[in-house]
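Summarising the annotation, TrEMBL assigns domain 'Sugar phosphate transporter' to 99-387. The transmembrane segment annotation in TrEMBL covers 100-117, 129-148, 241-260, 272-294, 314-330, 370-387.
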Amino acid sequence: MICSIKQSTITPTINGSDTIFRRKNMSAIQRSLILPSLNANKSKPVLSMSKPLHVSKVESFELSKPQKRTLITCKAYEADRSEPIEASEVKSEAAKRVKIGIYFATWWALNVVFNIYNKKVLNAFPYPWLTSTLSLACGSLMMMISWATRIAEAPNTDFEFWKTLFPVAVAHTIGHVAATVSMSKVAVSFTHIIKSGEPAFSVLVSRFLLGETFPPSVYMSLVPIIGGCALAAVTELNFNMIGFMGAMISNLAFVFRNIFSKRGMKGKSVSGMNYYACLSILSLFILTPFAIAVEGPQMWAAGWQTALSQIGPNFIWWLAAQSVFYHLYNQVSYMSLNEISPLTFSIGNTMKRISVIVSSIIIFHTPVQPINALGAAIAILGTFLYSQAKQ
């Protein structure tokens, strides 16, 4: 076997019949080629094979100080049996892209289903505070069962974790309730058109409260966002001020949620799935007393009887579906954050709003004027431009 390793170029040539081991000096740094089945017995060949080897990668690294030697590791593969390491890395990258695509498709589909059932429930049972509470309760129960049965690994948390999570949960609770209140008063499409203006709130809060500065392109991208949302609001046939303000408050709350998340979760080793589960549990404890104070059991009981008499048993299915799908779509979105950049996530969020707006208009036969559709398109386009400029 012939092996030639030059320190400057590191281009070995291998022919499988001899041993590979050269020493410049017994007291100097030793170099060796690590191959399978390397034995100290010189009577047996170190490597014996009838097929040529192709060197795919050579790595040089140092061992611990007591040994004081440098190893050069040579990775090889048979010409007709396997593939080089570079090809496997390409396949790994392709598999990651497929995984992200599955996350996005699942995220959008679950979000569309949630919005449809959520609107059906709110049309028959106009109590957004209880509806929001049930959504959080369902997700919390699902995750606690998963942890108890070891379907999912329980997070390792401490008091400091929950302390930093608390402001995130407060902002999440406000944003969730405000969005649900908005959808109980106006069409789903209108709520999501207004919520597409969230980047404008993000820039304004970051600029005036946090002192961050942005390039001019970011500020310019806010023009179509604000203009499109305003045009859609003015031309909305079923405009309602409570619905409009609910969507605006939701935007502001979610901006603060994102800011608190970035500040509080640095250095925390909790997965996206478990992080959202903990967020749901804490939000549930925050929201429940306020829901009881604002609406109360008496209103819920009367509304429940009315909904059952009008819809029948299907109402229970609608309520369960909107609660389950709310948790699932949020969970998948947080899982996506572990795999993609913020820019990709922002683009995915923009495309999600398009799918929700279009599907809700088709399913609920929402009347849309051409000027209203134009305003929605401009706002969504501005959101996309913002994603590009922000990066």
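For all residues, glycine too, the Cβ spot is worked out from N, Cα and C.
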Report summary line: For the transmembrane segment (272-294), out of 100-117, 129-148, 241-260, 370-387, most C-beta pairs under 8 A are with 129-148
Report summary line: Same-chain residues at least 6 beyond the ends of the transmembrane segment (370-387) with CB under 8 Å of its CB atoms are 189, 193, 196-199, 203, 218, 221-237, 343, 346-347, 350, 353-354, 357
Report summary line: Averaged over the domain 'Sugar phosphate transporter' (99-387), the pLDDT of the predicted model comes to 87
